[in-house]
Each structure stands twice: as C-alpha cells, then as structure tokens.
Amino acid sequence: MQPFLFRASSSLTRPSCGGFTSTIAVSYSYRALSDRADECLLKNKFGEFYKRFYSAVSGDAGPMKKGAGGGEGNGAIGNKSSESEHQVTPTRLPPDKLRSVRKPSFISKEAILKIEKSTTQLTSRFLEHDRLSRELRAKIKQLSTQRRQIHKNEDEAVRRNPESEQEIEDIKKSLEDEMALLDKTLVYISTHYYDLPPESEPEPVSAADISLDPSKRSQNPIFTPYMSPFPNYSTSPYNSTLNQSLLRLLGTRPPPPALIARICYNLLNSPHPPNVQTYNILIERLTRVRNGSLAHIVFRNMLEGGLGPGGKPNEDTVVRMINLCVKTADREGFERIAKITSERNMARWWGFGKNRTAKTREQKRRGKLTLEALIHGAARFGKAQQVRVYTRAMSRECPDDPKPSIPLYTSIMRMWREMKEWDRGLRCWRDIMRRDREWNRHGLGMPADIRAFREMLRLCRVCNKEEIRNGIIRLALERGFEESELLGRLDKTKGLWVRNTNKTPHIRGMRRETKRDDVEILGSLEEGWEDLEPVKKLDAHSASSRSSDRVNSRVWHDILSRRMREVRDDRFVGRNLKDQLKEHHRKREERRKALKERSFQDQHDSSSKAGLEG
C-alpha cells in the first residue's frame, strides 16, 4: 500500500529516496504552504483521498491496524511520535521577495470533483467501446474460419451427397451476409458516434430469499459500494505532463497495442486534471488513427462538463472537429459547423441616457486556421461555391495573410481534378507557382512540395494534356524530386487497417442528403462559443480605410445581400440601426444611378460620334 501513500504526497512534494516517509513530506508541505495557500483546502484534499482509499479496504485492515499502513514505521500520516521527531524547518523568503511572489491560482474543490466524475465516465465509455470492438472482430474472425472450413470440405460433402450442394451454398451465403453486416457495424462504430444500448435491470431479490436460499446468497452477495481512488486530481494549476504523455503515446505509427487502455491509464493516473489542450490532442490524434467514434466521445464529454464549470472549447477544437467530419465523410456535420462559424455575431447595446434604443452588432473575426479548415472541407465535399465564399472571407478577415497556402491550393486543385475542370485547375496551379516564386524571392510562405506536383500530373492525365504533363515532369526533376516519387505511390507508413475510401470522401457517388444521428451534439457549440478569440476592432483592410467608394459599396452590398448585421462604426454610435441601413441603402442607389447615367451618356456620345464619322 506504499504506492497509495506515496501518491497522496506526490501532488505536493515527491521524495527522491525511498527512505523518506510521507510524514516528512506532509510536515514540510504544511509549513512551506502556510503563507501561500489555504491550509483547510489541503486538509480537505487528504480527507477526500483517504475516504476513497479506505472504502476499498476490508474492515480488518483499518487505518489504525498494523501492517495496513497505520502502524509505526510504515509511513502513517497519523503517527504523532514520528512527526515530533522529524521536524523540518523550511527556508523562508524575505518579506520584500515574498510580496513579489505571485500566488498560484488553485482550482476549486467542486470543479475538481466534477472533472474527476467526467473523466471516469469518459474512460468507462472508452473501455466499453474497446470491449465491443474486440468482440466484433472476434466474431468476424470466427465466421471467416467457418466459411473457410466449409469451402475446404465442400467437394467431399457434395461427392458424398449431391443433393446437399444447394444447402451448402445457402449456408455460405448466410455466413457472407452476416460477415458483411458485422463489417459495416464495425466500420460505423469506429468512425461515428453511437449510443450504448440500455442495460437490462436485474430482478429485485428480497432479503428473505437471499438469507434462505444459499444459491441466491452466492449469486447476489451483500457488499458496500466501492469508490475508486483514481482519478485523484490536485487543485494546483495545470501542467503539460499529461499532454506530453498523450502526444508520445498517440504519435507512434502504427499505433501501439492496447492503445485505449493506455489512454485511460494516463487520464486516471495523472496528478493534474485535463484541460482544453488535452481534449484537442485526443480529438486530433484519434482522428489520425481513424477512431472517429472515440473522437466524438471526447468532444461530447468536453461539452458536457469535462473541463469543469466555465470551461469551453476554443478555435483549435473547432478546427479539429471540421477535420473529423471530413475524414469520416460527415457532410451534415460539416455543414452544421460551417453554419455555426458563419453566425458569429455578438449583440451589443450602446446606451445613452435612460432610453437604450441604440443597438449595434460587432462581428467576430474568424481565424486563419478556421477558414483554412472550412476551405479544405468544402473542397473535399465538392462545394465549389463555398470554396469561393470562404476564400473571399479569408482575404477580407485575414489582411495579414489573405491568400491560401500551397497545401490548401493543392486540396482545391484536387476538387477541380475530380470535377474534370481543366481551366480552373490550371488557374489554381498558377496560384501555386506564384506562391512558390514569393518563397524564392522573399522567403514568404513555403515552396511547392511533391504533393502539388503529383496532383497537377493527375489533373493532366485526367484531362488528356500530355504535353503539359511532360513539362510538369521536367520542372519537378529540375527542382530535385525523384521520378519514382512523382509517378509512383507515396510511402505514408501509417500502418492503419482501413481502406483509402474511408480516409477521405470522394465527390463521385456521394449522396447529397444524408440521415445521421451522430451530429446532434454539434449544436451545443452555439452555447460554448463565447470563449473564442476576443472581439477585434475592424482593421485598416475592412472598415477603417474608406479610400474609395467602390470598396465601401462592396462591403455594404455584401452586408445587405447576405442579411448580415450592422458592423459597428464609431461615426454612427448612438444612432438607430434602421436609420443607418436606410442611409447606406440610399447612398448605394444613388451611386448605381450615377454609374448608369454615365454609361448611358458614354454610349450616346459614341453613337453620335459614329454617326458623324459615317
């Protein structure tokens, strides 16, 4: 039981030698933290842990019994004699330096208990999914063995009884149908979220039946409820130990055996609770190894309180969920996330005096990562119009880097290749070469990689452009790429057990309407959206620079046509929103009339000039 006692003091001080007792550690910790932390909070933490620990121990091995961690010389915390013998005097800082030391922000006890409960539910669901997957694989293997055995003995059985041929064929067909059904079930529960079937409640048994019938007494023993000592998170601030362990575990390819059990072990035995970054790591890495259902479970657990009170997902979580929807060919989930990201407007009331009638709205800017993920997902699902919309939004909302990157251009070019659009694909390739020249001249961005050249070669092959294809091959060889890499298969070394059709969706043959129930949880993002990037003031690219009437007209035309809300402008603070819209609509109509009259006058002048010349 020494590991449990050592764990109790691990959140405070970890002794480097086995000769230290927990009494020294506790005494030192009480004295060292007397001026910086609440002593009552520390006592409550120890009490909660030992309440769990001694509930798992039988009544004979109580806390005051010898040999159970409560006697002398066994490192008992309640040993008064050893505590009086080993007095540790900690070094105290001077008063001036003590004032400059910043006190750590501890997490409340209620939040820690809620996080522990949520982590326990998450690990239980992980282990239940692992058990179900292993049972399905074992059943598929058993049916495959039976089918192989029937196929092996088919000739001999038909030779003995010619009439049994039809019966054998029916058996083989039934085995194939059952295997196909189990395969589809395994693929679905590995990539999509699903609910576990409700457990059947056991029949109630009276105490008289248990006391009289010895068989029922053995089947339904009376015992006290067990409280697991893990997880036992501390109230200290977060650290990166758990995140680094998960990165090392999920970074190996192929994945190690017993992956889910190891993830649960890290979550339960960590001294610090998980944070937003921990959940983001789990979603991203589980998506890479094609465990989409576990990633959905992690996301659902995060929304249901896995981060504690006040904890909400951030922009990295949204990007990883978009990637998860793309990898699992979840069109409906992607559309819901895209709709949520497009409605990121926050209402603000600007009151003046008693009557607060001036209402405006500030538009939250989407980050570059979110827009790139949306463009990549729209290209994977074949939504060319959405790709154009998000590309324009990137140029408007990301003035520092308004152009897509080369990997994003490669994804767009793949969409044009699957649609057999040669002109648009060639235009995308020219954009890639333009970004490549920027990198060669100024060192901005990144150069064209092997995947961009391979995608362009595929586009040339699909559209029957052999001359341009030969030129692309010569250009790639001049850049230093090998011919085997260009024309062969890339060695990805992923070591996964899924086919290529399960990795990314294909545009051909994809149904427009899908009916799935695994995306209902995505609607909860609307409730936890406020902790994204704070509202930024409109920069020089959008609203501050009123250099030309054309830019101003384009901005307000987009706002009115897409039924967007008013963007806050300091010149119109305190005025009614309806009056602002009317004024800008009037200005736009006047500008249109002026342009129309000017074009009509130009046509009239040109016609009169032609008449005079004739």
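Glycine residues also receive a Cβ, built from the backbone N, Cα and C atoms like all the rest.
Residues annotated as compositional bias 'Gly residues' in TrEMBL: 67-76. The feature compositional bias 'Basic and acidic residues' is assigned by TrEMBL to 151-166, 596-607. Feature annotation from TrEMBL assigns compositional bias 'Basic residues' to 583-595. What TrEMBL records for 61-98, 143-166, 578-614 is region 'Disordered'. If you look up TrEMBL, you'll see 275-309 marked as repeat 'PPR'.
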Averaging pLDDT over all residues of the repeat 'PPR' (275-309) gives 88
The DSSP breakdown of the compositional bias 'Basic residues' (583-595) into helix, strand and coil residues is 13 helix, 0 strand, 0 coil
For the region 'Disordered' (143-166), what are the DSSP-based totals of helix, strand and coil residues? 22 helix, 0 strand, 2 coil
